[in-house]
């Protein structure tokens, strides 16, 4: 793993923190879901990299990626692939012990190319092969790294593996073998095998490249296609950006982008989002230009152009790429010391005798394309992935060649801070990807010696994935990563089209999309609403990752089809989360990719004049766009207060990561019992049920906001709409501001929807785990469910969820609103914290409005028209059929009472502010008068 400068504020772990046979040192990198530490072996002191992943912060798809990465790395042994030494799983974390790459990654190497001479490990390289001004790396270094990267790609190709995230950040560097040989006392790095640091290609005098991060890798035979969209945006192949099925040639495009960046110092295509990136790729017309300052040969330029073909059919094949002169030929321009020496006759004769003595081995190696492959097959035709396993494992420090890499687990301990652990690594041994496929990727039976480790129920192997398994609701991002299933493409299109609408009709500026900065206030609501997670805030500087679906015209012309697709996606997600489908009336909108930048301010934002919270006495909306914006914001505000209430429950269930308070090792063993005594199982079940129903309520309100936006967009996008005719005569500045406001709201709603859905899944897993740990006589134990209730548990995505009878989000919200309003009234009478009283009153009103909000939005019965009746009908359904008339009247009366108190409070605050301002002005006038008259009290002068 690379050594990066960390921006984390986390204190350095104690020196006695250990993971297995390794001692934790300092933190060298950090992501959204994992931290990377340097470490050393207890006995030898050899350096390693420790990637610590917190299980509680991973959704199902990220866990699949992690376990898939572990399963793949367990079998990969190649000099140019980062090796996995060990894997230690604790109660809350999974720790991957990996090879340590002290020179960092290739992106840092390219960025610091002018300062390489200052590093002892790269001083000789910079002296012998200097970089040209305003250009990339020296061509000798480019060809050297390309040969080593090709060696790793060839190794993966012959194992039917596709990496899917080849980029400079995942290409880690080590000092050259010659440098390590000459500086043995500098840093000893733990080796996974006897030839782990012996390059299979390139020059021994230059740094060694290793391919890392197999979180998106999967088994993909040469005749198969994948359709999961994942990887890093700037290095994605265009067929992935177009949501088309793709094969392993997608890696070739990524190799081409890396090669171009090494040659020029920058990526071939720069864009602020995926839509703009695809547009630039298509506009290039396969014409790849190099600047005049770029000093590379025509051979390298030709290879880049052959790799960067938009059409994968026209792209260079793997066979031609592996045999390209740049790959197979000698490196021109070498200094005399680096020119390969001719092989001695005695050594050549020895190798010849070895080949004659082992004809089978020689034939096997020739059939597998030569010396780049260091793993030797045992069987004539084994499973391609098993073919990766090498006898060289016997040289591993762990001596686990026969059984593969084992994962040590601690003794079973109750957990109160993390969701139930996913299925074991054994069950995940064939799940290398999060891609949705209808047939298992591999049907080849395991070798006999692994039968005990790979045994699983027959149903788990043969059961095909259902539609519910493909529900596109697990969206994750770590740095520049993005994962989007095919089912969610329609949901993405709605928000993407709305986000692009403000750009239409405006002059373009350099082909770039300008982002709008938004200040996010700090909530002080007593509901527990909190600002965005620091991990998300840290990512705010990144580009928005919007995607444009390949069927936008269909969406624009058929809003009914769009809403039905979104409803289906929500139902699929609810089936996977809760064990049964919620009706489309309850949840009517689907999920989009999470936005790193949230333009819609989180509730509440008292510092923003045009916030979500309003007193209901503002002037009537001017036009349709104003009414739509008001309706969307009303529902978004109600959902936000419900979300804030749910967060209070959630943060009791999932507290801060153990590594924040106790270092990477988590809670010390002697304090494990104290940490577990915080919540009883009854309390965990109660909190989980309450948080779950509140999250569902928040989802339903967010879905209604998206419903209104969908109807508004369907009219906006129709060219024959009368609105488009009248909009030409309106005030363009006011109209544009309203459209931008709606767009910001839609993007915020989509981001919040993803966050709520992910947290709901964590809560669901926590609830299932807690229910299973209850005594069998407990009413909430799974064995005590009524027979008619068990019929609801038809979930294919996991164990179904059965909340207790009587748990109601409306009841919880009503009690919370009453409690908040009473507390605010007491503080108001005592004249304490009047601004806080105002926030509490407003929050209580919004929460009661959410209680009155109807869950019966009969979406299929709606008729799309050119008027705003749809939004009015949605906003007018404020009475739930599940509530009695007396209950409705009681809630409405409570809303009126709180509004009355709120009006009086605001008048009082205004009076106090006016009096204070008048008093200040009077004091200032008195000071001015005294100064003019000279009546100023002289200061005493010390004698």
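Just so you know, glycine gets a Cβ as well, placed from its N, Cα and C.
The region 'Disordered' annotation in Swiss-Prot falls on one of the ranges 747-773, 774-800, 801-827, namely 774-800. In Swiss-Prot, the feature region 'Disordered' is placed on 503-561, out of the ranges 503-561, 562-620, 621-679. Averaged across the domain 'Protein kinase' (22-327), the predicted model reaches a pLDDT of 85. Over all protein chains present, the Cβ of residue 36 (ATP binding site) has 23 other Cβ atoms lying within 10 Å. There are 18 other Cβ atoms within 10 Å of the Cβ belonging to residue 30 (ATP binding site). Under the three-state DSSP scheme, residue 165 (active site, proton acceptor) falls in the coil class.
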